[in-house]
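Comments concern the structure below.
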Amino acid sequence: MELEFDEFVLAAATADLTDEPAARDHADAVEFRLDLAADPLVALDDYDGELPLIATNRDPAEGGEAEGSEAERLEALATASDYDAVGAVDIELASLRTSVGASVAETVRENGVSVIASAHDFEETPHASRLDDLLAAAADHGDVGKAAVTATDRDDALRVLSATHAATERGDRVATMAMGEAGQHTRAVAPLYGSKIGYAPVDPDEATAPGQYDLATLADLVERLGGR
Ligand SMILES: O=C1C[C@@](O)(C(=O)O)C[C@@H](O)[C@@H]1O
């Protein structure tokens, strides 16, 4: 199942693929967090859902819980891209800048699967020029360049929206969100400035990042604001 991100994609973020039926009313895809799942490849074998999957195996250095070596972590994503249900794979920009990461991205693309080049900052929002450079680099390495940073005030949130708009204006395909309470509204507003992916848990108690709305709420907000 292809995922090309020409339009906004709302992803139900989960470690449990049996959540998929409950996501169908609001989500365009399911982000499957392999790093949070008990037996991810068994879950992929058993998946018979309708929504395409984004496979993520988050690096512990960027807030994830993937185990094993970097090569094993990335290899699991290459394996995931072999499944027809997987339409995109999330690989951290830092990994894409290594030979192993670049090789896995090549395998993923050979399987007809999109690459989301992601970068995360759980401490702060970079200053404007750094954020611009980060989004440009991510968009250069991936089919979508993603930055999930942490806002502590309204200035941070505005910087994320401004960077999103600037990236979109220069023709880069990006996905952005400002994590945390101060950035929560950016999850609904960033799509208006060109952000192509939003993430929300089906169950509010199963958030995969700080400040996420639940799926139904984010779907409604983005719809009402005109972001999809
Ligand atoms: O990178 C992201 C974005 C995210 O961290 C968020 O802030 O919604 C949620 C993660 O599951 C996903 O892989």
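Keep in mind that glycine also has a Cβ here, set from the backbone N, Cα and C atoms.
TrEMBL lists His120 with the feature active site, proton donor/acceptor. Residues or ranges marked as active site, schiff-base intermediate with substrate in TrEMBL: Lys146. Annotation source TrEMBL lists 3-dehydroquinate binding site at Glu31, Phe32, Arg33, Arg58, Arg187, Thr208, Gln212.
Taken residue by residue with DSSP, Arg187 (3-dehydroquinate binding site) is part of a helix. Proximity to Lys146 (active site, schiff-base intermediate with substrate), judged by a C-alpha distance within 10 Å, picks out none of the binding-site residues Arg33, Arg58, Thr208. With respect to ligand 1, the binding-site residues Phe32, Arg187, Gln212 contribute Gln212 as residues with a C-beta closer than 6 angstroms to one of its atoms, given in sequence order.
The most crowded of the active-site residues listed here (His120, Lys146) is Lys146, judged by how many other CB atoms sit within 10 Å of its own CB. In this structure the C-alpha atoms belonging to Glu31 (3-dehydroquinate binding site) and His120 (active site, proton donor/acceptor) are separated by 16 Å.
Candidate binding-site residues: Arg33, Arg58, Arg187. Fewest other C-beta atoms within 10 angstroms, Arg58. In this entry, Glu31, Phe32, Arg33, Arg58, Arg187, Thr208, Gln212 make up the residues listed for 3-dehydroquinate, with the farthest two CA atoms of the set 20 Å from each other. Annotated pair Gln212 (3-dehydroquinate binding site) and His120 (active site, proton donor/acceptor), C-alpha to C-alpha distance, rounded: 15 Å. Here the Cα atom of Arg187 (3-dehydroquinate binding site) is found 15 Å from that of the residue listed as 'active site, proton donor/acceptor'.
Here the C-alpha separation of Arg58 (3-dehydroquinate binding site) and His120 (active site, proton donor/acceptor) works out to 10 Å.
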